[in-house]
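Chemist: Provided herewith is a single structure, encoded as C-alpha cells, for subsequent inquiry.
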Amino acid sequence: MSSFNCGPDLCDSGPCVNEGTCIDVPGGFTCQCPAGYDGPTCDSVARCLLTNDQSDVLIVVSVEQAVYLPGDLIEYGCPDGYHLSGSATRYCRSDFSWSGHEPECVMEDRASTAHCVLTLNSSDVLTIVAGQQAVYRPGDSVEYGCPDGYHLRGSATRICQADSKWSGQPAECLMTSLRSDGRAVPVVPIVSGIGVVIFFAVVLAIAITVFIRKRTASYGDELVNTPDVAYRTSKDLFMGGTYAEAKEATNEPIYQDSIL
C-alpha cells in the first residue's frame with residue numbers, strides 16, 4: 001500500500017491503475033495495489049517476468065500462471081531432439097528475479113546420444129498403449145498391449161536403461177482360443193495336451209503288438225486235442241530219437257511241426 005498526498009477527494013479522478021483501490025486519507029489518497037503491482041498508483045510491476053528461449057522450443061511443463069510472485073516456481077522442458085541447458089526449475093525470489101540459470105533448448109546429435117531402439121514383434125498385432133515417442137532416452141518407458149483374441153507374453157512395461165537396452169523381456173502377442181465355458185485358453189497348452197494323448201496311444205499299440213507275438217510264439221509248444229486223435233509236436237516225442245523210433249514207441253499218429 002502506498003500513500004500520496006496531493007489534496008482532498010483525489011480518488012474521484014481514479015488515480016490508481018491496474019485495478020488498484022483508491023482510499024481517501026486526510027490530505028490525499030492511498031492506492032491499494034493488487035498482487036503483482038506496486039508504486040504510488042500501482043503502475044509498477046511487482047512480479048517475476050518470464051523470458052522465452054530464443055530457439056522458441058522451450059516448454060513450460062508446470063501449470064502456467066499469469067503472474068509469478070515471490071515463492072512461485074516454474075518448470076521447463078524440451079521436445080524430442082533437444083536437451084535442456086540451464087535450470088529446469090526456477091523460483092521467483094523476493095527481489096522479483098528468478099533463481100538458477102536461464103534455460104534453453106539445444107538441438108542434440110542423436111547419433112552420439114544414448115537411446116533405446118524400439119522394435120515391434122513380427123506378428124503385427126502388438127500395440128503400444130502408453131509412452132509412444134520418437135526417441136527413447138534412459139528412464140523413458142513404454143507399455144504394450146494386445147487386441148482381443150490374443151494374450152501378452154513377456155513384459156507389459158519396459159524401461160530404457162542407461163546402457164541403451166530395454167528392461168524385462170521382449171513382448172509379443174499370442175493367439176488364444178475359447179473353451180466350452182467361454183474362457184480363453186492359450187493355444188500352446190492345447191497343442192501339448194494332444195501330444196501327450198498321441199504318445200500314450202503309441203505306447204499302448206506297442207504293448208498290444210508285443211503281447212500278440214508272445215502268444216503266437218508259445219502256441220506251437222502246447223498240446224492240441226481233437227475229438228478223435230491227439231496230436232503232439234515232434235519236439236515232445238522225439239526227445240533225441242529218430243522219427244521212426246518215435247513212431248514205433250507209440251501208436252498215436254505223429255505230425256511234424258510243419259503241419260501245425
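Sequential numbering from 1, following the chain as shown.
Cβ atoms here come from the backbone N, Cα and C positions, even for glycine.
Straight out of TrEMBL:
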type: DOMAIN; residues: 7-43; note: domain 'EGF-like'
type: DISULFID; residues: CYS33-CYS42; note: disulfide bond
type: DOMAIN; residues: 46-107; note: domain 'Sushi'
type: DISULFID; residues: CYS78-CYS105; note: disulfide bond
type: DOMAIN; residues: 114-175; note: domain 'Sushi'
type: DISULFID; residues: CYS146-CYS173; note: disulfide bond
type: TRANSMEM; residues: 187-212; note: transmembrane segment
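I would like each feature placed in context: is it buried or exposed, what are its neighbours, and how far apart are things?
Modeler: Taken residue by residue with DSSP, CYS33 (disulfide bond) is part of neither helix nor strand, so it is coil.
In the three-state DSSP scheme, CYS78 (disulfide bond) falls into the coil class.
The domain 'Sushi' (114-175) scores a mean pLDDT of 82 in the predicted structure.
Secondary structure from DSSP puts CYS146 (disulfide bond) in coil.
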Chemist: CYS33 (disulfide bond) to CYS146 (disulfide bond): how many Å between their Cα atoms?
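Modeler: Answer for this pair: 59 Å between alpha carbons.
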Chemist: Please tell me which one of the disulfide-bonded residues listed here (CYS42, CYS78, CYS105) sits closest to CYS146 (disulfide bond), measuring Cα to Cα?
Modeler: CYS78
Chemist: Using a 10 Å radius around its CB, how many other CB atoms surround CYS33 (disulfide bond)?
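Modeler: Neighbour count, Cβ to Cβ under the 10 Å cut-off: 23.
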Chemist: Nearest by CA distance to CYS173 (disulfide bond): which of the disulfide-bonded residues is it, out of CYS42, CYS78, CYS105?
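Modeler: Sorting the disulfide-bonded residues by distance from CYS173 (disulfide bond), the top entry is CYS78.
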Chemist: According to DSSP, does CYS42 (disulfide bond) fall in a helix, a strand, or coil?
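Modeler: DSSP assigns CYS42 (disulfide bond) to coil.
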